[in-house]
Amino acid sequence: MVQCLDGVRQLLAVVFKCCDLELKQPRGLEDPQVLARETVFSVSEVEALYELFKKISSAVIDDGLINKEEFQLALFKTSKKESLFADRVFDLFDTKHNGILGFDEFARALSVFHPSAPLDEKIDFSFQLYDLKQQGYIERQEVKQMVVATLAESGMNLSDEIIESIIDKTFEEADTKHDGRIDKEEWRNLVLRHPSLLKNMTLQYLKDITTTFPSFVFHSQVDDT
């Protein structure tokens, strides 16, 4: 009987300990220390980022997850504006490929946009943005799709002739292997020569995430060089 009671006490101790942990750690928030080790965010930044995540995830459906509509709303302040850029970013954030973002996906993916994120991570992510077919290289049509989409989002209207000229110049410089496509190595070399290609890959206000919650907005702009 004594042994039985001891067993019950041990079981209750475990239950209370688990309940205590759940109370201390918000539902949906992975261990901040784990995320801090796997991203460029500090523990306090991870916790602040979670507050931002909760605001975005409750914009349409308060379920603790971000769907594409909420993502669009956070990006462009409207859920109706179609954007190839936003679609690509969402798809790359959605590593589980289930059409929704949990906080772990949100934090890990957003880490690449932090000013302190390694350059190689930014280059790799930007390459994936253009690699629409996920073939490991960028084709001419993919570049055109992104250029046209970026121009439209920026409110700029260029003739097809000028757009084709821009793409011609891009491939003339980037496609050093002359095979009609841009691979990761060629993309990296192009970006290193033209760092402005990565200007959309850095969100300066992520440095101040612990003190303020700025609008989560990517400003898609055309390279002005």
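Here the Cβ of each residue, glycine as well, is placed from N, Cα and C on the backbone.
According to Swiss-Prot:
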- 45-80: domain 'EF-hand 1' (DOMAIN)
- 81-116: domain 'EF-hand 2' (DOMAIN)
- 118-153: domain 'EF-hand 3' (DOMAIN)
- 162-197: domain 'EF-hand 4' (DOMAIN)
- Ser154: site 'Involved in dimerization' (SITE)
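Here the domain 'EF-hand 3' (118-153) has Cβ contacts under 8 Å with residues 83-85, 88-89, 92, 111-112, 163-164, 166-167, 170-171, 180-184, 187-188, 191, 197-198, 200-202, 220-222 of the same chain, all six or more residues outside its ends. Cβ atoms under 8 Å from those of the domain 'EF-hand 4' (162-197) belong to residues 123-124, 126-127, 130, 136-140, 143-144, 147-148, 151, 223-225 of the same chain, restricted to positions at least 6 beyond its ends. DSSP labels the residues of the domain 'EF-hand 4' (162-197) in these numbers: 26 helix, 3 strand, 7 coil.
Helix, strand and coil counts under DSSP for the domain 'EF-hand 3' (118-153) come to 26 helix, 3 strand, 7 coil. If you draw a 10 Å sphere around the CB of Ser154 (site 'Involved in dimerization'), it holds 12 other CB atoms from the protein chains shown.
Within the domain 'EF-hand 1' (45-80), the DSSP-based counts of helix, strand and coil residues read 22 helix, 2 strand, 12 coil. Mean predicted confidence for the domain 'EF-hand 1' (45-80): the pLDDT average there is 84.
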